[in-house]
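What TrEMBL says about this protein:
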type     : residues : note
COMPBIAS : 1-14     : compositional bias 'Basic and acidic residues'
REGION   : 1-37     : region 'Disordered'
DOMAIN   : 33-100   : domain 'Amino acid permease N-terminal'
REGION   : 85-111   : region 'Disordered'
COMPBIAS : 91-107   : compositional bias 'Acidic residues'
DOMAIN   : 126-631  : domain 'Amino acid permease/ SLC12A'
TRANSMEM : 127-148  : transmembrane segment
TRANSMEM : 154-183  : transmembrane segment
TRANSMEM : 204-224  : transmembrane segment
TRANSMEM : 244-263  : transmembrane segment
TRANSMEM : 272-291  : transmembrane segment
TRANSMEM : 324-346  : transmembrane segment
TRANSMEM : 358-382  : transmembrane segment
TRANSMEM : 438-461  : transmembrane segment
TRANSMEM : 494-514  : transmembrane segment
TRANSMEM : 520-538  : transmembrane segment
TRANSMEM : 550-573  : transmembrane segment
DOMAIN   : 640-849  : domain 'SLC12A transporter C-terminal'
DOMAIN   : 860-983  : domain 'SLC12A transporter C-terminal'
Amino acid sequence: MERHRSVGGERDNPGFDSTLDEPPVYQEADHRTVRPSVVSAFGHDTLDRVPNIDFYRNAGSVSGHRAVRPSLQELHNVFQKNGEISVPDTVNDDDEGSDGTPSDDLESAIPSDAKGGTIKFGWIRGVLVRCMLNIWGVMLFIRLSWIFGQAGWGLGIVVIVLSCVVTTITGLSMSAICTNGVVRGGGAYYMISRSLGPEFGGSIGLIFAFANAVAVAMYVVGFAETVVELLKDNDLLMVSEINDIRIVGCITVVLLLAISVAGMEWEAKAQILLLIILLVAIVNVFVGTFIPVTDRKKSEGIFNYQSNIFLENFTPDFRDGESFFSVFAIFFPAATGILAGANISGDLRDPQAAIPKGTLLAILITGVTYLGVALCVSATVVRDATGNATDIITAGMVCNGSSVAACELGYDFSSCAVEKCKFGSINNNQVMTMVSGFGPLIIAGTFSATLSSALASLVSAPKVFQALCKDNIYKILHFFAKGYGKNNEPIRGYVLTFIISVAFILVGNLNVIAPIISNFFLASYALINFSCFHASYAKSPGWRPAYKFYNMWLSLAGALLCCVVMFVINWWAALLTYAIEILLYVYVKVKKPDVNWGSSTQAVTFVSSVSNALSLSGVEDHVKNFRPQILAMTGSARSRPALLDLAHSLTKNYGLCIACEVFEGPRSETLEEMNAGMEKNQLWLRKSKRKAFYSAVACNSFREGAESLLQASGLGRMKPNTLMIGFQRNWRTAGIEAVQSYVGVLHDALDFEYGTVILRTNHGLDVSHIVEAEDENEQQALDKDMMPNGGKAKGLFSKSRKSKQVLTTRVSVCGPPLQQDDKMNEKLLEASSQFKKKQPKGTIDVWWLDKQRINNNGKLKYINVPPSADSYKKLEDMIEPFCLHEASRDTAQAGAMRKEHPWKITDQELSTFEEKTNLQVRLNEVLQEHSKSANLIIVSMPIARKESVSDFLYMAWLDILTKDLPPTLLIRGNHKSVLTFYS
């Protein structure tokens with residue numbers, strides 16, 4: 001395979017199309033010859049090939065499915081078949097039930113809604129239309145004139161511009177997030193959760209879906225109030241005003257639900273119809289300002305364009321306790337519709353391109369529309385008018401307290417200063433209807449605005465909620481994750497949204513709930529902005545948005561601005577929003593959902609860890625700050641739970657603990673097993689709440705592996721200073737090499753200046769044989785359950801690259817009950833958990849001096865008394881098979897024996913270290929006498945000089961010292977100060 005490299009090469013390649021999102025198609029080269037000598041040596045031509053696009057295709061790509069990427073071992077290792085070198089087929093055709101993904105990353109799986117036959121929208125119908133309809137809303141026709149009447153068009157422009165600034169910054173941040181990778185269904189929830197993690201996403205997703213559901217009720221009530229007002233004007237009320245609002249509202253919600261359940265295509269058609277009506281109504285307002293006004297309209301304060309009216313309306317005239325902030329709080333909810341397109345991201349043909357383009361253009365169009373309509377009204381309508389056609393200025397009359405502009409135009413509205421008038425931009429919500437050329441069109445536009453906003457919210461809430469439930473962050477809500485039809489419609493979510501909206505229509509006072517809903521939306525905007533800032537601040541290589549017109553500090557400012565606006569709108573609603581979000585955050589944090597989306601929180605944690613480790617490396621160690629950093633030779637994380645639990649008890653959350661395993665044997669045989677167990681063991685540590693790391697090496701011998709771990713473990717100052725290892729109980733039968741390796745590890749630890757800790761328990765530490773048996777039994781049971789009648793496995797335990805890991809990580813140490821006759825294993829399992837559970841009342845006997853501020857058993861008395869004959873006989877029996885007994889032979893024979901068995905204990909050695917040997921035997925007698933009932937004994941570990949004390953004699957010392965005692969901890973320091981005598 002080769003790619004044309006010349007300037008015109010891309011034009012010559014018929015597979016290249018610069019307009020496509022997918023990488024270009026590469027041609028097969030006809031002229032390349034295969035070198036037989038290379039093929040015979042390596043099994044394939046060594047000229048590197050272009051990477052196969054099928055392994056890197058975007059998940060859900062419409063141009064083809066992604067194949068399973070070959071493992072590195074499959075590419076790197078040499079395979080032989082029938083004596084000949086062969087290259088394995090690295091592409092899995094999924095006929096074994098594989099899920100077709102290279103790993104268990106849920107984000108890389110092809111979504112079910114990416115199948116053929118689904119309806120996808122472009123950026124105009126999917127984003128632009130929805131956002132414009134949701135932003136315009138009823139504010140445009142009912143409250144905009146009041147806002148500019150109170151604030152004047154000077155501050156009124158500030159209100160609109162400030163709102164647009166908040167939404168524009170949020171739109172820029174959202175554009176950056178959308179273009180950094182594939183965007184699935186869920187809108188704001190998806191973007192926040194994949195950027196900041198499930199804690200933030202799960203908390204904001206739930207309240208955002210709830211806010212959209214309640215917003216349906218708000219918009220429908222607004223529509224119902226308009227309808228009931230018309231019924232009231234025509235004396236057509238059915239029951240009463242409040243009950244008629246409930247009846248009209250419920251009927252409207254049922255109709256909207258029917259449109260939504262019918263499918264996204266019908267909902268999109270309804271949105272287009274509503275948009276046309278709304279656009280005609282807006283044009284009608286502009287046209288009406290140019291139509292000559294009647295005397296009746298003049299008496300109601302409506303004129304054609306007048307400069308004096310425009311100038312008079314520039315300054316604010318706040319009344320009834322209103323202020324700039326209260327007016328801003330009333331207007332800003334109109335700007336909260338910018339997520340209408342993003343909320344249906346799963347139904348967009350190309351959300352990465354559609355969301356930025358449609359959202360930002362919608363903000364621009366609606367912002368200009370609001371300004372245009374508001375300025376037109378400010379230039380044609382006075383603030384106060386009586387509506388009385390007789391209030392005309394005649395010759396000699398003086399206007400007192402009346403609008404100067406109205407007075408100049410021949411009308412005296414001075415009575416409005418004494419008694420509140422019904423007309424004018426401040427007093428009348430129907431100004432737009434009177435200004436327009438045809439009033440019913442404004443009413444129709446109002447209907448369209450409320451219905452379109454309600455319909456958008458009714459669609460958004462179930463879509464966001466379904467995405468949240470699919471991620472299974474709140475397990476109790478997983479019932480609502482199911483979709484129906486070719487578009488995976490959340491029917492259950494629609495029903496739930498319907499119930500919530502009807503409940504608020506029938507029961508709640510929406511004037512109280514409205515500030516909370518606005519704050520819920522603002523909290524979402526704040527987190528979107530913070531997500532963009534956080535991802536940029538983390539400087540992760542994966543953060544490469546295609547949309548470049550954003551700035552991390554602008555996003556941070558946008559997040560802070562959203563928080564400020566929340567308090568401006570309603571301070572108690574802002575506090576309530578924060579309280580709910582914090583509670584949900586803590587809940588998700590405690591539950592720890594099993595997801596990994598590569599959030600920026602992880603990236604910042606990594607950056608902070610590296611930074612702290614580097615700063616710590618520049619600080620000298622001090623005795624006051626010493627803490628044990630333990631390298632525990634546990635083998636597999638589950639093999640020696642007692643050793644791991646004791647190490648964890650010493651470090652807790654404040655010190656480093658590394659559980660280590662050495663895989664002995666040739667690398668080709670051990671490497672695969674080691675790599676397969678890395679993630680599994682670390683996952684088990686996390687699931688079992690052991691604050692420890694897992695590390696493994698593959699070496700030819702145990703001592704080589706331990707030496708590698710002793711030298712290379714840790715990072716900077718964060719490296720182990722203590723080796724913890726279990727006592728080798730079978731040293732008398734393990735063989736020469738095993739004993740030399742074990743003692744050699746102890747010598748290596750001291751060479752590398754490690755403190756050394758040896759744990760001995762009566763029943764031993766290793767439970768790996770039990771765990772392996774349980775793993776095998778459970779595997780067989782699951783295979784039997786999942787593959788009836790010899791069929792293929794299906795579902796969770798299907799045969800795939802990750803099935804083995806799924807099975808093994810579910811097994812605990814205790815596992816299923818063992819057979820009653822296996823008493824030894826029962827006792828071993830019971831002993832293995834002794835340091836995990838709370839200890840019964842007892843003592844820890846520490847055989848040290850009292851200067852270390854540790855309660856101890858006092859000074860050892862009669863320590864130099866020779867041990868009893870029985871105790872010494874036990875030692876003699878222990879070392880008898882390993883003694884050379886060369887003293888009874890002549891010099892030549894003795895030399896030959898030492899040369900043939902250099903590892904054996906010589907008579908000279910026994911004589912030289914007789915005193916130290918007796919000390920170990922005597923210490924055991926003292927411990928038997930004073931500490932037999934202790935929960936744990938801590939005593940100094942005897943040290944053996946290299947090349948002076950033989951390995952078997954040293955093992956005998958350790959054995960006789962700790963024989964027949966409660967759990968005993970032998971400790972040898974590294975001769976560095978770790979305890980202080982001063983403050």
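Glycine residues also receive a Cβ, built from the backbone N, Cα and C atoms like all the rest.
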Selection from 154-183, 324-346, 438-461, the stretch that has most Cβ pairs under 8 A to the transmembrane segment (244-263): 438-461
Ranked first among 154-183, 438-461, 520-538 for CB pairs under 8 angstroms with the transmembrane segment (358-382): 154-183
Recorded stretch that, among 154-183, 494-514, 550-573, has the most CB pairs under 8 Å to the transmembrane segment (204-224): 494-514
DSSP helix/strand/coil residue counts for the domain 'SLC12A transporter C-terminal' (860-983): 59 helix, 12 strand, 53 coil
Predicted model, mean pLDDT over the domain 'Amino acid permease N-terminal' (33-100): 52
Distant-in-sequence neighbours of the transmembrane segment (127-148), which means Cβ under 8 A and at least six residues beyond its ends: 121, 156, 159, 219, 222, 226, 268, 271-272, 274-275, 278, 281-282, 313, 327, 330-331, 333-338, 340-342, 344, 348, 354-355, 357-359, 361-363, 365-366, 369-370, 373-374, 377-378, 381, 425-426, 428-429, 431-433, 442, 445-446, 448-450, 452-453, 456-457
Tertiary contacts of the transmembrane segment (494-514) (same chain, 6+ residues out, Cβ under 8 Å): 210, 212-214, 216-218, 220-221, 224, 245-246, 249-250, 253-254, 257, 260-261, 333, 458, 461-462, 465, 480
Long-range Cβ neighbours of the transmembrane segment (550-573) (under 8 Å; 6 or more residues past either end): 165-166, 169-170, 172-173, 175-176, 325, 328-329, 332-333, 515-516, 518-519, 522-523, 525-527, 529-530, 532-533, 536-537
